[in-house]
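Have a look at the structure below before the remarks.
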């Protein structure tokens, strides 16, 4: 998911979504019969004519049925490669759950012994089931990401982009999320973030959103995939204008630096220091003015738990004093954010992201709609983040009062969009990696980055 903000959230005012009623039309067909205008034949001839007419009618109906052909190109049952848009489940493309391994990086320094140590290799083999789920989620992310990069174009609506990515994830995981509990088994891990320009994170369109992607936009595309709660969280920045290339290069290099520095027993403050040094060695010229590129100091990377996008540990992207160490077996999302603004974000705009707290208090709810909504959240999302579009998709109506009640009761956390100064530009790149006993595996690494 986009990022962890290190400050508390303000009270939120939730606006009613715009209703978009739609109607479905059904098609029908009518049949017609012809009568013989001549009646001068005898009874036998009439009988024969009737029999022949019945046979002719049956033959005619048979012919009509034969002419009906099945639609071509809609079935993916025998597909051996991914379609565009992605619709072939990856379990079909990779039989026997043999999913590609991510980029493996050997440990160095004090941890170099782990690469060949037999005990560590044995511990690694014991994680097969966990790693299979993680790699399956990773290949889904890579295939959807690869398609989305070519598919996204200026002039498209943000809702169209978000739903295109999310529908692809659902098809490739085999979990459409409409049956109760299906989304907890696999599918979309959190709402697709489409944060533009000075908005750095946590923006996803709500129902009725009419926002259009402009050719001058710098948009962060942040989405997640999970299988059995094993989450792969990765993001990239889209732009159609090469003048932003230095901003994107700085952030991409900073993310790769953070991944390179990460390892077992490494202090997160040391990673943050290395990230900031690389990020802020860059500058960018826009419209004749030069801007230093700054790390957004109150956004961080994070570790990931099962069904829990923010596991409790943060990976800073600036120098600091956090002495927390990374540990064997932990899963992390290394994400960095660069900005041409002041390098500090705050809450703004309409909220779309929510998640039930892992340690949510048991509070008596007086609003009936809040009780109904909480039951649905528990059954369909658990502690995975969701957005208002997902509630709409499940058929919920007039739920904002109940949702607001859950937020105010401390049961659900709201994650509003995070923005830097107006007129500034922000970029993000992110990868998920796991600290296996004998090596570091960057599970979301692809040919693109």
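Count begins at 1; order follows the chain as displayed.
Backbone N, Cα and C define each Cβ position, glycine as well.
Note that the structure is a prediction, hence the values are computed from the model and not measured.
Annotated in TrEMBL:
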type     : residues           : note
BINDING  : 202, 310           : substrate binding site
BINDING  : 222, 233, 430      : divalent metal cation 1 binding site
BINDING  : 233, 302, 335, 430 : divalent metal cation 2 binding site
COMPBIAS : 19-32              : compositional bias 'Low complexity'
COMPBIAS : 51-60              : compositional bias 'Low complexity'
DOMAIN   : 134-336            : domain 'Peptidase M24'
REGION   : 1-96               : region 'Disordered'
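If you average pLDDT over the domain 'Peptidase M24' (134-336) in this model, you get 98. For residue 233 (divalent metal cation 1 binding site), the number of other Cβ atoms no farther than 10 Å from its own Cβ, over all displayed protein chains, is 29. Not a single one of the binding-site residues 202, 222, 430 has a C-alpha within 10 angstroms of the C-alpha of residue 302 (divalent metal cation 2 binding site).
Listed binding-site residues: 202, 302, 310; maximum Cβ neighbour count within 10 Å falls on 202. A gap of 9 Å separates the Cα atoms of residue 233 (divalent metal cation 1 binding site) and residue 335 (divalent metal cation 2 binding site). Within 10 Å of the C-beta atom of residue 222 (divalent metal cation 1 binding site) sit 29 other C-beta atoms, taking all shown protein chains into account. Here the binding-site residues are 335, 430, and the one ringed by the most other CB atoms within 10 angstroms is 335. On the backbone, the CA of residue 430 (divalent metal cation 1 binding site) and the CA of residue 335 (divalent metal cation 2 binding site) stand 4 Å apart. A separation of roughly 10 Å, to the nearest angstrom, links the Cα atoms of residue 335 (divalent metal cation 2 binding site) and residue 222 (divalent metal cation 1 binding site).
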